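Novice: From TrEMBL, here are the annotated features:
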- B:20-439: domain 'DUF112' (DOMAIN)
- B:20-49: transmembrane segment (TRANSMEM)
- B:61-82: transmembrane segment (TRANSMEM)
- B:107-136: transmembrane segment (TRANSMEM)
- B:148-181: transmembrane segment (TRANSMEM)
- B:201-221: transmembrane segment (TRANSMEM)
- B:315-337: transmembrane segment (TRANSMEM)
- B:349-373: transmembrane segment (TRANSMEM)
- B:380-405: transmembrane segment (TRANSMEM)
- B:411-427: transmembrane segment (TRANSMEM)
- B:434-451: transmembrane segment (TRANSMEM)
- B:471-491: transmembrane segment (TRANSMEM)
Amino acid sequence: MNGSRSRSLAGLLIGLGLIAIAAVIAVDAMHMRVPPVHARVGPRVFPLLVSCGLALSGAAIAWQAWTRTFLVEAQDTDWGAVAIIAAGLVLQINLLKPLGFIPAAIILFMAVSFAFGSRRFLRDGVVAVVLASVTYLAFTRLLGLQLPPGVLKGLL
Amino acid sequence: MESFSALMDGFATALTPINLMWSLVGVTLGTLIGILPGIGPALTIALLLPVTRTLDPTGAFIMFAGLYYGAMYGSSTTSILLNTPGESGSIITALEGNQMARRGRGAAALATAAIGSFVAGTVGTLLLSFLAPVFVKLAIMFGPAEYFALMVLAFATVSTLLGASMVRGITSLMIGLAFGLAGTDILTGQPRLVFGIPSMLRGIDTVVVAVGLFAVGEALYMASRRDLREAVILPIQGSLFMTREEWRRSWKPWLRGTLIGFPFGALPAGGTEIPTFLSYYVEKKLAKNPREFGQGAIEGVAGPEAANNAAVAGVLVPLLALGLPTSATAAILLAAFEQYNLQPGPQLFTASGSLVWGLIASLYIGNVMLLVLNLPLAGLWVRLLSIPQPLLYGGILVFSTLGVYSLSNSVFDLVLLFAVGVIGFLMRRYDFPVAPAIIGLILGPMAEAQFRRALTISQGDPSVFVTHPLSLALLVIALLVLLVPAVISLVRARNAAAPLA
């Protein structure tokens, strides 16, 4: 690994983030009302152990980041592509019920293929429509699973 | 000999037309996903879980096991022709295999990988048939304290042996354990990490975490790396029939790879990656001409490919006999057992003997199918590699969201999937191994149950874990697994610093 030996801000943030999650778990565990019968081996013990483990790991990572031993491969990051896929997922989550599975899946598919650098919209669109329709029909008709029909309700 | 007659009964189960069909579906799908980068056996089985809920469990497990074997066969093709491994167990195959393909010996590399996988798969399945009952006898001696200690050992090994550093491995494990905490506590009905959201009461489904880490996290990561987008597919050149010389150089690495792979799979050591590295190292040391390594040495393909298939057979031993998963895929298989209300372990062999032995017998048949699928038909499979990446990942994400949504028709699960996907992306980007998180997620709740059961039996006295000899031994080994690498690296650092001082 070609790590750059510099203080890693990302490593520091990851470490602190883990400590924060550990704190949330610990607070949640302390707020449980535990019946006295279960006082010793109740539902609190394990979360507290996990919380300790997370906090220690977080501290170790933060320390490594500070002492320049948290090595991260230098990489050329295309944040735009990440954001487009994330947007595709958020859109799909919000449109699945109102628009239905097929349109939501087409939007997600197009977003992902665009993020991966494809600009052949016609090809991607055809693949997306076929894939979404075939899986919808296979899942609802053959496997008997429920998927939201949405705007295409009357058509399918 | 009792296992021999049980195995014969197993063949009777596995050879029924419907189960032969499931086996064929499994091995075909396995080869397919093994070849496609970005989609592996753990993810595929996770996505199939909602669909297979209504299937007969024997058929479903025959398909899953065939899929696991098939993925190991298929991934070598991608390593050899594309220089990117289809699965992590074939990372090392790319080193020599791709070099062989560049020098016009791609066909021979594919052949030695497929035949080696067949030899290792068959020998491994044979070992599984006769070792599983031995493990079952051992498992009967296990109480809650021993099971807990065994799981601690598994936690220690997976987080130390996988990934770039121990801290990263342990962090990944802890993240998995934290996911496993969410939901209603089984023993007291106490909500944990629910934050007042009703959908959180049933906990975070394994499928959501597995698909989030493997599919969504992987897609986000691959999209973020422009440099990983373009890959060159090499044509298959040469004859698929290996020359006498190639056979002579291959058979010993196959057998050595098998002997290295099987025990590593069976130990709680994290599946297929480590034995392939070890096998490569051994072949390089034993080679008459070590210089050839790195430039297309056939031993470097034959050994590791045998090792990864043997490791898969090895993984099934503790999974079936103890209910202990030692790889991410095995952890998902354990979730599949839970879905059917089956408890792997000694009870499984007595209560569902026909399932277990039918499954094991199907592996012998599946190996033969895989040899046929992967050797003469290699040329057909290769066309899959020409699927453009944008379409491949578009399809993977559509299927991932579909699989997660159909778990319980809940949009909230999709929100969780997105969140876990972002975590998966960060883990990949900063080099945290994903497998410990999956194993922590599945084993965590089980370890907690055994922990509390042991303490209830001892009336709250925590010394049970160290007074039972077996439990103590397992915990000591776990401690050594954690401490020895740290001590070694400390000593190395000292030695490295000494000449300077």
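Cβ atoms here come from the backbone N, Cα and C positions, even for glycine.
Automatic, uncurated: that is what TrEMBL annotation is.
Tell me what's around each of these sites.
Specialist: Note on the domain 'DUF112' (B:20-439): mean pLDDT across this stretch is 90.
Tertiary neighbourhood of the transmembrane segment (B:107-136): same-chain residues 2-3, 6-7, 69, 72-73, 76-77, 80, 93, 96-97, 100-101, 236-243, 246, 250, 253-255, 257-258, 261-262, 265-266, 296, 298, 301-303, 305-314, 316-318, 320-322, 345-346, 349, 356, 360, 363-364, 367-368, 370-371, 374-375, 378, selected by CB-CB distance under 8 Å and a gap of 6+ residues from either end.
For the transmembrane segment (B:380-405), the residues of the chain that approach it from at least six positions outside its boundaries are 31-32, 35-39, 43, 46-51, 74, 77-78, 81-82, 207-208, 211, 215-216, 219, 222-223, 229, 233, 236, 373-374, 411, 413-414, 417, judged by C-beta separation under 8 angstroms.
Sequence-remote contacts of a segment are chain residues at least 6 beyond its ends whose Cβ falls under 8 Å from one of its Cβ atoms, and for the transmembrane segment (B:411-427) they are 172, 175, 179, 197, 199, 204-205, 208-209, 211-221, 224, 400-401, 404-405, 433-434, 437.
A Cβ distance under 8 Å defines the sequence-distant neighbours of the transmembrane segment (B:434-451), meaning residues of its chain 6+ beyond its ends; these are 42, 144-145, 147-148, 151-152, 154-155, 158-159, 162-163, 169-170, 172-177, 179-181, 186-187, 204, 206, 209-210, 213-214, 217, 270-271, 323-328, 331-332, 334-335, 424, 427-428.
Remote same-chain partners of the transmembrane segment (B:471-491), defined as residues 6 or more beyond its termini with a Cβ less than 8 Å from a stretch Cβ, comprise 145-146, 148-150, 152-153, 155-157, 160, 166, 464-465.
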Novice: So which of B:20-49, B:61-82, B:349-373 is most in touch with the transmembrane segment (B:315-337), counting Cβ pairs under 8 Å?
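Specialist: Top-ranked stretch among B:20-49, B:61-82, B:349-373: B:20-49.
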Novice: Could you check whether the transmembrane segment (B:20-49) packs against the transmembrane segment (B:201-221) - three or more CB pairs closer than 8 Å, residues at least 6 apart in sequence?
Specialist: yes
Novice: Hey, which of B:148-181, B:201-221, B:349-373 has the most Cβ-Cβ pairs under 8 Å against the transmembrane segment (B:61-82)?
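Specialist: Comparing B:148-181, B:201-221, B:349-373: B:349-373 has the most Cβ pairs near the transmembrane segment (B:61-82).
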